[in-house]
């Protein structure tokens, strides 16, 4: 038998006060704790390791629910133990009062006539008997193997005997504890559910604002400088999301100002060079015929072309260009333009299609792609038209990796073996004109099926995807291939196939 006791000094004459000098109360055997005296908490692990992507609202809800559950469990244990200890203290006080009354009756009448009181009970716990032998009145709580709690109270008599009183923890007290536990469980569940709902509500609001901020930032990145992230997220409450939005807006404004300043400087320099270069070319044409004159004319023409290209890039960067739309038959248009430009280039019209586009800008894109293939690739150069898709392929070393990863960039040729063979403006202009047309310009390298990336490319393909509908604005730049999307049409399937084969080559 195990338990705990509370001792009291015995009284000699009736009515003598007694003191309570025993050890402090024990929490009792009814405390429901796990191993080591702590409740066991099971966690969920491996979400990041498994690559599971969850929304902010669910993370916040789970965190609030977990904290609420832990707090509810801790408070429930504290309340349960406090209630049990309080009820045991009341039961011990009652047993102590009853044994004191039984002692007085026995000493007054000389016989034991109090219910449930016994003299020299052989079942008296040894721990309680030792306290009684010390001349003190005491109470003791023990627990049977079957979980039933017993309450003992004993007092030494003047004649040397020991009077004890034994009672069980009443069913009524057990029912009260059971009802209390049930109320605590219901309250804990309500706290967890309420916390989860609150987490979903708060997290959903925050997640929505973050999604709107991300969408607005993507619009700014795609070429819409007038979009403001702070205006996009809205809301009356000011929090960290507003700080992020203001920081993104400030960064976008600073970048836009720098880009605009760079564009203006480039345009001003090119414009200032245009007049003297034209004069130089005119003067070179007046020189007497001969090899030196041809060299001067060739370099003067190259300089004029460079100046014109720089001016065109500056205009395209200003996002002020507008397409002059016409309805054309794409296959026939490409065939006639390529034949006039370079009859040696093979043109195949797989599927004819009528498109609404700007013929001048489309011709500019097509000629720049052909010039790039002729300059940096190897023959034969092939052009194919399939619906709204134009492909230009050569059999050279392929595009450089940085071009495939980042897109065309001015004054970057992308390969050391082509030093001095270009300024990196051809594909930059082609990409800018494609943007004005609302088209998409993509690049990829051709390798044998299943060949690793280090195997040299067997050719390069530039693909122009004309839009199904006529462009209504020029605020977005052409995108590189999106490997996560594929369509049902043959052109969409081809785009997915091209994007999966990797990218590499020239500017």
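Placement of Cβ uses the backbone N, Cα and C atoms for every residue, glycine included.
Residues annotated as compositional bias 'Gly residues' in Swiss-Prot: 25-37. For 486-507, the entry in Swiss-Prot reads compositional bias 'Polar residues'. What Swiss-Prot records for 204-260 is domain 'HAMP', and it gives sequence analysis as the kind of evidence. Among the features that Swiss-Prot reports, domain 'Histidine kinase' is placed at 268-470, with the record citing sequence analysis. What Swiss-Prot lists as phosphohistidine is 271, and the listing cites sequence analysis. Residues or ranges marked as region 'Disordered' in Swiss-Prot: 1-42, 472-507. Swiss-Prot lists 60-80, 183-203 with the feature transmembrane segment, giving sequence analysis as the kind of evidence.
Cβ environment of residue 271 (phosphohistidine): 311 lie under 8 Å away, each six or more residues apart in the same chain.
According to DSSP, residue 271 (phosphohistidine) sits within a helical segment. Under DSSP, residues within the domain 'HAMP' (204-260) fall into helix, strand and coil as 44 helix, 0 strand, 13 coil.
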